[in-house]
Amino acid sequence: MHANDSDLEPSSVIDVHDFGEAMFSAITSRHSVSPKALQAPGPSDEQLQRLIEVAACAPDHGLLRPWRFILFPEDKRPVLADLFEEALLERHSQATEEDRLRAREKAARAPLLLGVVVHIDKEDEKVAFEDQIASAGAALQNVLLQVHAFGFGARATSGRAVRTNAFRKALNLHEDEVFLCFLAIGTATRKAKTKERPDPKSLLTSWP
Ligand SMILES: Cc1cc2nc3c(=O)[nH]c(=O)nc-3n(C[C@H](O)[C@H](O)[C@H](O)COP(=O)(O)O)c2cc1C
C-alpha cells in the first residue's frame, strides 16, 4: 500500500481475503532471532524511517505518544560497550575480566540497534499508565512485524544494564522514562528458532 493510500480500506487496494491471509502468515511466521546471529546488511535509512512510521501507527490512548526510539549508530558502539561495562561494574564491582568482555561484546551485535523508551505518567488522570506501556508494546510489535516483512531478523532484549544509574544517566533519561528494551535488527545468519505458540483455546474465555 502506498503511503498516500493510507485512508483507503485495505479491501480497496488488495483482495480482502489475500490481505487477511498475508497478515496471518506474516504474524505467525515471525520468530525472534538472537542478536548474536544478526549481521550486516541491516535495514537501509529509508527502511529505518518506515520502521518508525509503522511504530507511529500503534494504538495510543489519548494520543500521548508515550514512547520514543533511540538509534545506537554503529560508529558509537565502542562508547556503548564502555557504558555496558560501567553498568556491569555498578551492579557487580568484582566482575571478572571475562564478564566485562561479555558485557562489552553485546554492544557490537546487530547492524541496526534501537532502544525503545516509554514515558510513563502515573499521574495522568485520563490515561492509565498500563495503557501507556501497552502503546509502547504495540509500537514495538509493529516494528518487529515490519522488520520481518522486510526480510530481516530481530529480537527485543532488555537486560539489567538498562536499569542502572550509569545507563540512565548516559542516555539522559527523564525520571518518568523507562528504557523498555533494545531492538537488535539485521540479516539472520541462521534460521530463527520457531517456538510453539499456545493453544488459542487456552487464551480465550467467554464471559460470564
Ligand atoms: C520488552 C521486551 C524485553 C525483552 N527482553 C528480553 C531479554 O532481555 N532477554 C530475552 O531472552 N528475551 C527478552 N524478550 C523476549 C524476546 O524478545 C522474544 O520475544 C522471546 O524470546 C520470544 O520469542 P518470539 O519473539 O520468537 O516469540 C523481551 C521481550 C520484550 C517484549
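Yeah, the Cβs are placed from backbone N, Cα and C, and that goes for glycine too.
Look at TrEMBL and you will find 27-186 tagged as domain 'Nitroreductase'. For Arg30, His31, Ser32, His61, the entry in TrEMBL reads FMN binding site.
Feature annotations (TrEMBL) mapped to structure.
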residue: Arg30; record: FMN binding site; CB count, 10 Å: 18
residue: His31; record: FMN binding site; CB count, 10 Å: 16
residue: Ser32; record: FMN binding site; CB count, 10 Å: 16
residue: His61; record: FMN binding site; CB count, 10 Å: 15
Listed binding-site residues with Cβ under 6 Å from ligand 1, out of Arg30, His31, His61: His31
Integer average pLDDT (0 to 100) for the domain 'Nitroreductase' (27-186): 98
For His61 (FMN binding site), the three-state class that DSSP assigns: helix
